[in-house]
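What follows is a set of notes on a single structure, which appears directly below.
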Amino acid sequence: MFKKYQMSFLLFSLMIFFMIIMMLFIYKNMTFILEVNLLSINTCEFSFSMIFDKVSFMFVTIVMMISSSVFLFSCDYMKEDIYFYRFMWILLSFVLSMCFLIFSGSLLFMLVGWDGLGITSFALIIYYQSKDSLIAGFHTMLINRIGDVFIVVSFFLFVFLGHFYYYPMCSTALTLMTILSVASLTKSAQYPFSSWLPAAMAAPTPVSALVHSSTLVTAGIFLIIRLSMVIPMTKELSNMLLLLGAITCLLGGTAAIYEFDLKKIIALSTLSQLGLMVFTLGMGLTNITLFHLFMHALFKALLFLAAGSVLMMSFGVQDMRFLGGISNSAPFSIVIFNISGFCLMGAPFLSAFYSKHMILEKMMFSSMNILSIVMISFATIMTAMYTTRMMKSLVWGKPNIKLIMKNSESIYFSMIMLSFFAIISGKYMWSLENWFLECVFIPNYLGMMINFFVLMGILLGLIMSVNNSYMWSSMFFLAPFYINSGKLLNPFLKNMYFLDYGWLESFSKIDIISKVSSNFSILLFSWPIFINSFFRSFIILMIIFIYVMSY
Amino acid sequence: MSYLQYTTHSHARKVRSLYKQAIRLLQSYYESFDRYEFRYQAVVMRARFDENKNETDLRKAKKLLLDGQKELFLKSHAQPMKFAESPGGVAYQRHFPPPDWILDTWHPYEKAQYPEYFALREIRKKEFIDRWEKQYGKGDHEVDH
């Protein structure tokens, strides 16, 4: 009995330990660097290095906080599973890799954490041994490998510099910054590489709570933050981040409106928030990005845990059309779900209010083009819309399936712990660290407009009915390179179309089928995508064109 | 469709199948708090089927069926409701225990890591075969796997 919870206790005590050290580092404003030189060839040093400063201790405290709750939650969520301990050990190795990444000060040490995250996340996604999980796992792994290619490319440039550290990099290392930023975008699921995040929801819910909401996807953003502390960003790089962040934010929000899968909606909301973070990085506000990253990690993990407790009741049914009336059968879970939902919207005095509103106010304050402001404002409205829709579907009506209440104390305790932090941490962080504070001078009506956006989103979400759209449900925009890759890879696929259930099938199904079927079945098979193919390409190109021209 | 049809379906069965698919499709269009709206639409759908219940002209009946199937296709939902454990559902094949004979395919080096377990396993396999043969007699080795 006790053995089950020991990992959670361990992580909780580590959280307390790191929290005390974090206070000390913030109070004294200290930074320690630990260097171990492994090898020197000519003038190049191959060395491991670790940075201990307030940023790394804050992040590791948040990671420990979330992971202790998630471990406690999964003790009950996964207790029926025959490979329970295997699951726990993989999850623990994931947390360890994340800690390596957070404390890393050189690229070599960072790579240990980076690839550790890649491998363990693959192992966790394919944990349920079904075909869909395998496809999702390969999808995730292959896109993350694109990022690894960029990191390997950056190795050569580091050799030219003569060392592998982040911190003594001079401001001329701009190429390096650009390459590592692109690598970060793959990990953080930004626009051209964002298809893996909704696919990765094939993993068990505790994994989604830990990996795909708060830790793994923030690794890329954390890397950019670390680098931008020493290298100022160029205008081109800032523009790229602004563009990709705004597109991801808007499209993630739009897709969430048309989605019915509970976990996928939360995943798409993560995508939207990550877009907002990258957008903030593009504005050059690393401190607020970090603040929003922490707040988002807390409330999104809570949202996943609350959704997980609902899924426990429904025996894995995730479709919102089956669910409903959960306020009667599990009032506590739905209260937690609503708290985290309001955090996501940026409702006043909850944690994300302090970060999200500051981002939006800084956006209004900056001299940015009107188009990006409009895009992010729409994304804010959409966030409130789909969150309200999600709450409405779960709270109102009656379920179409039998829901059986079987939640236990460990699930409640993990959710209470996280919800406590999700409510107070915004104000707490502000009072703890002045670095997160920014001055904004905008007219009163612009400040009030943000609240108006949220209210409008809630109203629209309440009156919105069910949507049906092939264009948005197929998530074409998340996979612009892959959905039609069959055409590009035709010579390569010529000898592969007879293979059964290869992992390429999910990408190039349509073209493989068209080789072996009649005209009618091609039309039948590719009908929804066939109609919208021109339209969707046109819209995407228009958005990019207008955006680039407006700079 | 693309699969091979290996049973003969009567006209009545096809109509019943169409009716069931139509109701499932309607259900996909309404969330759980829109149940009253769904019930209303389901009654309307039933009335459309009942209208032609007593159609005796087979050519006309067949045309109605084909029209219905076409309408079903054209109005299909982008994300139809799927039960979690059904094919296409989120939890399909989720809990799939690996069969016992997988352990027999392990390499001797792999087996050597768990010597006690595999020694016991060999004894148990022998006991099982003995018990089987005692109960059902010896099998024909020519057709044995």
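Quick reminder: no glycine exception, Cβ is built from N, Cα and C everywhere.
Quick look at what TrEMBL lists:
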type     : residues  : note
DOMAIN   : A:39-88   : domain 'NADH-Ubiquinone oxidoreductase (complex I) chain 5 N-terminal'
TRANSMEM : A:55-75   : transmembrane segment
TRANSMEM : A:82-103  : transmembrane segment
DOMAIN   : A:104-383 : domain 'NADH:quinone oxidoreductase/Mrp antiporter transmembrane'
TRANSMEM : A:109-130 : transmembrane segment
TRANSMEM : A:142-160 : transmembrane segment
TRANSMEM : A:207-231 : transmembrane segment
TRANSMEM : A:237-258 : transmembrane segment
TRANSMEM : A:297-317 : transmembrane segment
TRANSMEM : A:329-350 : transmembrane segment
TRANSMEM : A:370-389 : transmembrane segment
TRANSMEM : A:410-430 : transmembrane segment
TRANSMEM : A:442-463 : transmembrane segment
TRANSMEM : A:525-548 : transmembrane segment
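By the Cβ criterion (distance under 8 Å, sequence gap of 6 or more), the transmembrane segment (A:237-258) is counted as touching the transmembrane segment (A:370-389), at least 3 such pairs being found. Beyond the transmembrane segment (A:370-389), the same-chain residues lying 6 or more positions past its ends with a Cβ under 8 Å from any Cβ of the stretch are 242, 246-247, 249-250, 252-254, 256-257, 259, 265, 268-269, 272-273, 275-276, 279, 341-342, 344-346, 360, 363-364, 450, 453-458, 460-462, 464, 546-547, 550. In this model, the domain 'NADH-Ubiquinone oxidoreductase (complex I) chain 5 N-terminal' (A:39-88) carries an average pLDDT of 90. Counting Cβ pairs under 8 Å to the transmembrane segment (A:55-75), the stretch among A:142-160, A:297-317, A:329-350 with the most such contacts is A:297-317. The stretches the transmembrane segment (A:207-231) and the transmembrane segment (A:109-130) are in mutual contact, each linked to the other by at least three Cβ pairs under 8 Å (pairs 6 or more apart in sequence). Proximity of distant same-chain residues to the transmembrane segment (A:109-130), defined by a Cβ-Cβ separation under 8 Å and at least 6 residues beyond the stretch ends, is recorded for 48-50, 83, 87, 90-91, 93-94, 96-103, 136-137, 140-141, 144-145, 148, 151, 187, 200, 202-204, 207, 211, 216, 219, 223.
Only pairs six or more apart in sequence are counted, and the transmembrane segment (A:329-350) with the transmembrane segment (A:142-160) gives fewer than three Cβ pairs under 8 Å, not enough to call it a contact. Long-range Cβ contacts of the transmembrane segment (A:297-317) within its own chain (Cβ-Cβ under 8 Å, at least 6 residues beyond either end) map to 62-63, 65-66, 69-70, 73, 76-77, 205-206, 208-210, 213-215, 218, 262-263, 266, 269-270, 273, 323, 326, 329-330, 333-334, 336-337, 339-341, 343-344, 350-352, 394, 399, 401, 403-407, 411, 414-415, 418-419, 421-422, 425. Residues 345-348, 357, 360-361, 364-365, 377, 380-389, 392 of the same chain lie 6 or more positions beyond the ends of the transmembrane segment (A:442-463) yet place their CB under 8 Å from a CB of it.
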